[in-house]
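Structure, as structure tokens:
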């Protein structure tokens, strides 16, 4: 049968051929297999580098004692970065106000409640990527060269045009932009509850490689009128972000990422998860920190592509959890372990005066992929080391009995229930090819249109074997219950055929054992771990949770918002859906 290709199709095919050849050549530049060029991570001594202080940028001015909005210019630069004393410098992409000051992770932006921060994100990256990427998973592709980027403030509640939509990408100098790009300067209104966020790249099909290259950083929103009375640890020494992720390296120090996919005839480069051998904190592999015998506050961000961390201290110290994702808890929760999925944040206080030892290792024992993958190795089971000073000292900080109280979340007032189903598709060799939400790709028309100021119940049905951290932009949610499916295979077959939870009689299958929500995860969340073979019921709120007031901006504008799995390799391969707010 003959056929004719239109000019647009031919152009697309030529672009795919060019970029495919580009990464194939880059992946084989040394003429040896990539795994033969891997740095032997066992040769690196742990705990030789000091934990770095991440530079801080204030998102506000102080004029005559009054806080005023501030405009920041933050660039993305190609430079080299030392991840370890004995590892050659690594080519990275880094955020900063200049190339010289750019860091991995990028500078921590500190903002103040009620004071707007404006950021012009500028792309100064080279014409081609430093990592292999896959042209067959519908990535952003610049026709005239350059690396598409766009910044999402994860956990931020702000207008759609400042949300970093995957199709709002731009290249260096804004020479080329995505179909949903609207403006050069983002406006963060900072009118939500105080807490922790992080910013990172969000370009379609390139998020996993752009973050792997280094494009990520922390963002803290403070509100002194409600936080100061808590008397938690404060100041640069005692209140610190810990941005944690995993990386593998080649012998020349460059970041290693596979050049060949698990289904190369379908996706030449894409693999379902990336896992690195070295654990990096604030830009250093397995750093150390000398601490006093007193309380410290750590805002821990899991910035990994796919790795879950189950943190614990080698000497049995507890975490006192005071916040989860971008919100404080109502009261502190003490726990020996914290399970953190990719993109989740936990805000903790650690009291080193209670240590009976001189050192403590922050350790990890989460299998990868989570929950049924490989056991941790010696390298990825250790995160960082704390060296605890012997001398006791006076500590005026406290662990308050109560933290921040929010208006009651009333399930009875929810306006509707939605069913959100997670699917994974495999090849004839049982290798994953792509993942959908509700049986639809990212670019299918919008099917969710929540109303501003309302609450909805979402029943998230995980029909896969993986735990998927679901992230919802704009809305915050509370986890109500987790229920195991029974006769899972029969239900999955029905869902695959009909893609309708009601027609497949979900109530007949969602009646297995219930798993209690962990105490420190019962507050407001923007990410949660959806257990495989379970239905997780959440209450999603589309207004400010600290006041129940409607948003101070028009959330109905284009390009809308998205929700997605935050395993970046899944998100990039279609496990993301758009939604639009209505009035």
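Cβ from N, Cα, C; glycine included.
Feature list (source: TrEMBL):
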type   : residues : note
SIGNAL : 1-29     : signal peptide
DOMAIN : 148-223  : domain 'Plastocyanin-like'
DOMAIN : 276-370  : domain 'Plastocyanin-like'
DOMAIN : 425-580  : domain 'Plastocyanin-like'
Seminar exercise, completed: Using DSSP three-state counts, the residues of the domain 'Plastocyanin-like' (148-223) come to 12 helix, 25 strand, 39 coil
Exercise. In this predicted model, what is the average pLDDT of the domain 'Plastocyanin-like' (276-370)?
Worked result: 98
Problem set entry | Secondary structure composition of the domain 'Plastocyanin-like' (276-370) [DSSP: H/G/I, E/B, coil] | 3 helix, 57 strand, 35 coil
